[in-house]
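Here you go, one structure.
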Amino acid sequence: MRKFNFCAGPAALPEPVLRQAQEELLDWQGVGCSVMEVSHRSPEFTTVAEEAEQDLRDLLRIPDNYRVLFLQGGATGQFSAIPWNLLGGERKSADYIHTGQWAEKAIKEARRYGTVNIVASSEDRNFSYAPAADAWQESPDAAYFHYTPNETIGGVEFPYIPEVRSPLVADMSSTILSQPIPVDKFGFIYAGAQKNIGPSGIAVGIVRDDLLDQALPNIPRSLSWKVAADGQSMDNTPPTFAWYLSGLVFKWLKAQGGVEAMAALSLQKSRLLYDFLDRSDFYSSPVAVDSRSRMNVPFVLADDSLDKRFLKESEEAGLLALKGHRSVGGMRASLYNAVPLEAVEALVAFMADFERRNG
Ligand code: PMP
């Protein structure tokens, strides 16, 4: 029996995708072995790779002057790779917005290679909101501008896309494919797969092609977007199973109506939960109303001595992984694309019942 899974990542995958993978596991496409056991350069796998790219291009309407990269090292690999790939030109500094733990990790990494200018920070209110653009201190000559559109731990989502002078770089790990995005406003978009794309072990990068020649000269080969782009993301052996499963998720997304359908569904799911939280004195959301994430919904119980019981009983009710991140405590429900509306309905019903019994 599959339960409702609210894990922040690795997260729920669509059940039809898992079933297809299961059916094809031993004998994939009549090849006589699994997709994991064939060469990444075989014609069969090449088709998987090409279709995954094309489906992602279709879903996000990626313009032709952008390269789609399937990368390793997760999103962490990418926020480490960004300064290597973009600080080799004339401009040696970068702008960053500090909105929480993922932004902070990216900032720390960039500081090792260049000057980092913190354009705005939400630290003053414990990272509970997305800073408004009117208070920014953008630098005149940054190589790029980095932000985290959705902070997975804090549950803070930008309600707008920053308009900036330098190429805009976005960590979309926990928001990609949950709504349409104007890709042409960005220089580089990246995302670890294990939330809205597929299993962990692969990351997606979408880079504007004029940014492929800005790398530091001594960039490690494995971090270079140019090497990845020139080698069709196969400069070394890629994580073929994760790539294949991501491709199945893209096809599933298309069949669901694409990112437009996901945008409508994610609003419906998150509103259901936020409306319930706002009506209750027993639970509350720590995030500013205009910055509340559609993907990750942190909430707290007014009496935190009930946290343990809440987690135990929710688990028993078939609602998995509601514990907040270890650094912040409380609860968090992640509502990625593969989490159905029924899961959120079941969660709200459980929460109402728990409140009745303990309030
Ligand atoms: N950025 C964000 C916004 C994330 O949510 C995560 C993972 N939770 C990461 C970066 C790090 O991803 P990875 O573990 O793939 O390196």
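Positions of Cβ are set from backbone N, Cα and C atoms, glycine also.
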Ala75, Thr76, Thr152, Asp171, Gln194, Asn236, Thr237 show up in TrEMBL as binding pyridoxal 5'-phosphate; which entry in Trp102, Trp136 does that record put in the same site?
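Same pyridoxal 5'-phosphate site in TrEMBL: Trp102.
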Taking only the binding-site residues Arg41, Ala75, Thr76, Trp102, Thr152, Asp171, which have a CB closer than 6 angstroms to any atom that belongs to ligand 1?
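With ligand 1 as the reference and 6 Å as the Cβ limit, the list reads Ala75, Thr76, Trp102, Thr152, Asp171.
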Calculate the distance in Å between the alpha carbons (Cα) of Thr237 (pyridoxal 5'-phosphate binding site) and Lys195 (N6-(pyridoxal phosphate)lysine), and round it to a whole number.
23
Between any two of Ala75, Thr76, Trp102, Thr152, Asp171, Gln194, Asn236, Thr237, the residues recorded as binding pyridoxal 5'-phosphate, what is the biggest Cα to Cα distance in Å?
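Taking every pair among Ala75, Thr76, Trp102, Thr152, Asp171, Gln194, Asn236, Thr237, the longest Cα gap is 30 Å.
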With H, G and I counted as helix, E and B as strand and the rest as coil, say where DSSP puts Asp171 (pyridoxal 5'-phosphate binding site).
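Going by the DSSP assignment, Asp171 (pyridoxal 5'-phosphate binding site) falls within a strand, counted as strand.
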